Amino acid sequence: MTYSVKEIFLTLQGEGGQAGKAAVFCRFSGCNLWSGREQDRAKAVCTFCDTDFVGTDGENGGKFATAEDLAAAVEAQWTGGPDDRLVVCTGGEPFLQLDDAAIAALHARGFQIAVETNGTITAPAGVDWICVSPKADAPVVQTSGQELKLVFPQEKAMPERFAALDFERFYLQPMDGPDRDANTQLAVAYCLSHPQWRLSVQTHKYLGLP
């Protein structure tokens with residue numbers, strides 16, 4: 001298949017259980033919960049997305065004809081040695097495109113594969129780290145993984161709805177925007193009274209990283 005990628009870049013993971021680790025981010029174009037166009041936001045399933053995943057015009061983005069081409073583009077951004085290679089496949093919704101061939105090609109180049117998904121599509125075999133970020137009106141079919149990261153608060157997606165799922169770690173991430181400070185205080189209070197949940201702060205935004 002041809003892979004449509006918005007951007008590929010090296011940074012530090014800013015969120016969740018792998019925060020602070022060097023990683024190549026591979027942002028796939030397209031999502032099944034929103035078109036990515038502002039005129040469609042009000043009727044989208046996910047209305048608070050803060051990411052541009054439309055098209056292939058971002059840094060090192062493009063259309064890649066084969067899984068090998070995609071893996072080579074990811075590897076080209078890695079500046080470390082052969083060990084501890086990490087690629088974070090995100091979007092949009094990466095499982096619309098990330099397939100067995102791409103997983104095999106990335107593994108062949110020594111990358112651990114982490115994925116940030118909305119959880120509406122079952123993960124293919126071989127993904128090393130699954131982070132599910134549920135959205136209020138979307139079903140969660142990927143019910144296990146390394147972490148569940150819930151943007152908080154969402155009126156129709158409160159933490160107790162997901163607390164019994166089979167994840168190793170549970171994170172609340174304050175919703176960004178004009179109410180971020182208030183949302184952060186709400187998340188802190190919830191974590192204090194529900195210790196199963198940990199606070200995830202978008203540290204890359206505070207540090208000015210992509």
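Placement of Cβ uses the backbone N, Cα and C atoms for every residue, glycine included.
According to Swiss-Prot, the residue from T79, T90, T122, T143 that belongs to the substrate site alongside L12, Q13, G14, R27, P210 is T90. From the candidate list C26, C31, the residue Swiss-Prot records in the [4Fe-4S] cluster site shared with C46, C49 is C31.
Cα distances from M175 (S-adenosyl-L-methionine binding site) to the binding-site residues C31, C46, C49, T51 are smallest for C49.
Among the binding-site residues listed here, namely C31, C46, C49, T51, C46 has its C-alpha nearest to that of P134 (S-adenosyl-L-methionine binding site). When the C-alpha distances from G92 (S-adenosyl-L-methionine binding site) to the binding-site residues C31, C46, C49 are tabulated, the minimum falls on C31. Spacing of K135 (S-adenosyl-L-methionine binding site) relative to C31 ([4Fe-4S] cluster binding site) is 13 Å (Cα to Cα, whole number). DSSP classifies Q173 (S-adenosyl-L-methionine binding site) as strand under the three-state reduction.
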